[in-house]
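Visitor: The domain 'Siroheme synthase central' feature in TrEMBL is assigned to 126-148. Per TrEMBL, domain 'Sirohaem synthase dimerisation' is recorded for 152-209. Positions annotated as domain 'Tetrapyrrole methylase' by TrEMBL: 221-431. The active site, proton acceptor feature in TrEMBL is assigned to ASP252. Annotation comment: TrEMBL describes LYS274 as active site, proton donor.
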Amino acid sequence: MTQSYFPIFWDTDSGTALVVGGGENAARKVRLLVAARARVHVVAPTAGEEIQAFAEEDRIILSRRPVGEDDIAGAAIVIAATGDNDVDSYCAAIAQAHGVKVNVVDRPDLSSFIVPSIVDRSPILVAISSAGTSPVLARRIRERIEASLSPNLGKLAEFAASLRSTVAERLNDGRKRRAFWELFLDGYGAEGVLENRPDAGRQAADELLGALARDEKPKGRVTLVGAGPGAADLLTLRALRALQQADIIVYDALVGPEILDLARRDAFRLFVGKAKGRHSYSQDRINGILIDEARRGSSVVRLKGGDPFVFGRGGEEVAALRNAEIDVDVIPGITAATGAAAALRLPLTQRDLANVVSFATAHPAAGKDEPDFAALADPNQTAVIYMGKTKAAEITTALIKLGRRPDTPVAVIENATLSNQRILTGPLCDLPGIAAISDLTGPALIVIGDVVAEADLTGAETFAQTATKDRAVA
Ligand code: SAH
């Protein structure tokens, strides 16, 4: 039967930790104990470099001799890590006789406690144990927890500690204090602290305390979140946190179901993208929804494909929210260009081939009839064109006229990073052929430049072939 354990945390001020042994196993435990600011006594006839260095820095006491009964009897806990069965067994027996808790490395049968693997966000500590059933599984779990907890979680815990007395002063009702902590820790104040902006944390705490004290609804807020190019695991950790705190998520067509699945379960989801048979929401209407929801006190996430500030109209939304005096944060996302580049191992810049990369759109700027491609003429430039599919012929004509070689390599990537990713390639002069490809209906990027020749284009179709095939079918 599997051994059972009860987890406890040992107070390092309560006594001395004795480590018996001077080798690598001992050093590993000494390192953890020193990090926890424990008083450490190492007893070993010889000790490795790391333990010696700790002793020279006065961070531990090192006794270069064999271990004796008094060492063990005087310790609060003992870790035996000599690797010598006789010595380790001796330590275990003496410790048990004196009622001292003992761990023998890799010998649960001789141990009265085991040392868990930990995720350290001091003062927050997560301890993980599989009770020896599967150390590899325990390590996997540790990695997952490690990745899901902000590196600044400890700062947040300390920040919360520094707020305690203020909260107690300003809110005399226990229910309100609890509401404060829940709202604060789920909200943008805590997020600010995690992002190294303690001032934002203090301001949010102050506003929240005021609202709760006056029995008002706390202020809402909008976060523009970049959802990345499609694959759900290309979200940033910050975006994931925002999704898990949202009351309402306002999202576009480019945001897939796998990403929405990561949101808080009871968050309200509102689709405002273009869908067949239905008018899409106008930008004004979207701005209106964001403003109304925030005024109602909601924590609103405006979720957009790629990055909110790359052809995402994020700037317009920020301006509208600012005008309405609503607080707004922006969380960047991986834009389609870098997502597609990674998927194709296509370097967007490369010494000798491209020292400039431009993200452009084939749609004309406001007040202009035609898009202006002059900025994309430089042959040492990689041009990534968003929303360019229907403008392939115009782009080609314009760029060749501006002096780009007709044989400049081009890649078109549809549904980049998704399971249905599709790649087409060919020389610039053949690019207009894509207009005739009837099933190229997903979001697609056009990448133009010599770096395309460096990409991994396995499985790519060519513009000419696919276009011809399509015409034959039609
Ligand atoms: N803000 C987004 C771009 C929105 S504009 C970003 O930063 O990526 C919409 C255009 O983005 C599409 O027409 C297409 O050109 C491009 N796009 C978005 N996702 C894409 C994907 N997964 N694969 C290829 N192109 C994509």
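Yeah, the Cβs are placed from backbone N, Cα and C, and that goes for glycine too.
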Visitor: Which numbers of helix, strand and coil residues does DSSP report for the domain 'Sirohaem synthase dimerisation' (152-209)?
Guide: 50 helix, 0 strand, 8 coil
Visitor: Could you tell me what the rest of the chain brings near the domain 'Siroheme synthase central' (126-148), counting residues at least six beyond its ends with Cβ under 8 Å?
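Guide: For the domain 'Siroheme synthase central' (126-148), the list is 2-5, 7, 9, 108, 114, 116-119, 237.
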Visitor: Using a Cβ cut-off under 8 Å and a sequence separation of 6 or more, which residues in the same chain sit near ASP252 (active site, proton acceptor)?
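Guide: Set apart from ASP252 (active site, proton acceptor) by at least 6 residues yet with Cβ under 8 Å, we have PHE271, VAL272, GLY273, LEU303, LYS304, GLY305.
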Visitor: Using a 10 Å cut-off, grab the number of neighbouring Cβ atoms around the Cβ of LYS274 (active site, proton donor), all chains included.
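Guide: Step by step: centre on the Cβ of LYS274 (active site, proton donor), count other Cβ atoms within 10 Å, giving 11.
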Visitor: Counting by DSSP, what is the helix, strand and coil composition of the domain 'Siroheme synthase central' (126-148)?
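Guide: Taking the domain 'Siroheme synthase central' (126-148) as a whole: 14 helix, 3 strand, 6 coil.
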